[in-house]
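Have a look at the structure below, then the notes.
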């Protein structure tokens, strides 16, 4: 089927449903992605503070500046992909997964190296390497996210591949959270252990990206680049004229910052509040393992309640569990049970988000006459990078404010502060995210179905 739009020709295979193999392969893409991304989110702050010897507040500044830089460059990367000419038989997005993942793996190892120089020299290297890593990540993650919208317009298939993507993401988070620390403690010198272990996982990430590249197919094909010139104003126009995108961006800033600050602070909580850093592996085995329950039931929940209400339910579960966990005394068993419930809750809206992005891409095409998958996804990714910079900054500056001292016995104030960063901030942020998706997001599943029908009628 061919659909004539204002400035390009789109080839769409609308009838064919996605096979289980293709859905799983798409999920393997985020599985591979997590073997590089999660390493930075979980372990890089601790590497900076405890191995490289960078003060916590300065380490937080690295995350803030580097992620803000990546947030700014994301729309540029996305637009450059959308405006690329001479798209070959491999498709618009898939080649980036094949080549970009190899580059990203190398960059992942480099961010876990620290030259034997002054603190100023270490800061310069950390800033430079992490900012370059961010660009490399954008050239992989944006095409990967855009690929989902190019594979199908079927709402059920989109929910399905979003579910597989979330399973892949949780699978990688599960493995990196459980397996990395036991491997690191086997090295007498952490300056050697970190790059070796991270290099092992990054290589596995490349393999899983290759599976995604090989087995996924682009069916909604743009045969021409947009005729409108690539300018800052064209990118801004795409953003401000898409109200569902604006709302999703705002929601994501709160939801992802909550999710990431949890990942970063758990290692500190295990080491200092519970007194044994190796407990982190066992806790994560249960916590992240439990979160698969939310993802498994996601398609059925969406059928029953719709995407919007299902996301609100998930946020509500997580908020309640985190607040109760914060108020109770620190106990490894109680903490693990409540943290598991919270992760089940947050896994639900996190999984739905990817389907919402694809819906928003269709909305943008319906409203403007131009289909810009990569630009739209990069603008959404902009919010994720802002959230990541916020969580990294809050983690670092928060540790400084509460009086955290690396590799030492912490004060009572510091222990309470670590617990607040781990549980109280996420509860507040997720409550705000629940309000935003519930009252500000207006694109319903029924409206999206009508939009897809309108687009097909133009054929």
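In case you wondered, yes, glycine gets a Cβ from its N, Cα and C as well.
Taken from Swiss-Prot as is:
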type	residues	note
TRANSMEM	25-45	transmembrane segment
TRANSMEM	52-72	transmembrane segment
TRANSMEM	95-115	transmembrane segment
TRANSMEM	123-143	transmembrane segment
TRANSMEM	167-187	transmembrane segment
TRANSMEM	192-212	transmembrane segment
TRANSMEM	249-269	transmembrane segment
TRANSMEM	279-299	transmembrane segment
TRANSMEM	310-330	transmembrane segment
TRANSMEM	332-352	transmembrane segment
TRANSMEM	389-409	transmembrane segment
TRANSMEM	420-440	transmembrane segment
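Most Cβ pairs within less than 8 Å of the transmembrane segment (279-299), among stretches 25-45, 52-72, 123-143, 249-269, 332-352, belong to 332-352. Panel annotation: around the transmembrane segment (192-212), residues 25-26, 28-29, 31-36, 39, 43, 47, 51, 97-98, 101-102, 104-106, 108-109, 112-113, 140, 144, 168, 172, 176, 180, 183-184, 186 of the same chain, lying at least six beyond its termini, place a Cβ under 8 Å from a Cβ of the stretch.
The largest share of C-beta pairs under 8 angstroms with the transmembrane segment (52-72) comes from 123-143, of the ranges 95-115, 123-143, 310-330, 420-440. With pairs at least 6 apart in sequence, the transmembrane segment (249-269) and the transmembrane segment (420-440) have 3 or more Cβ pairs within the 8 Å limit; the two touch. Counting same-chain residues at least six beyond the ends of the transmembrane segment (249-269), those with a Cβ under 8 angstroms from any Cβ of the stretch are 38, 41-43, 45-46, 173, 177, 181, 277, 280, 283-284, 315, 330, 346, 349-350, 353, 379-380, 382-384, 386-388, 390-392, 394-395, 399, 404, 418-419, 421-422, 425-427, 429-430, 432-433, 436-437, 440-441.
Using a Cβ-Cβ cut-off under 8 Å and counting only residues 6 or more beyond its ends in the same chain, the transmembrane segment (167-187) has close neighbours at 27-35, 38-39, 42-43, 193-194, 196-197, 200-201, 205, 208, 263, 266-267, 277-278, 280-281, 284-285, 288-289, 291-292, 295, 347, 350.
Using a Cβ-Cβ cut-off under 8 Å and counting only residues 6 or more beyond its ends in the same chain, the transmembrane segment (332-352) has close neighbours at 159, 162-163, 165-166, 169-170, 255, 258-259, 274, 279, 283, 286-288, 290-295, 298, 301-302, 307, 310-319, 321-322, 324-325, 426, 430, 433, 437.
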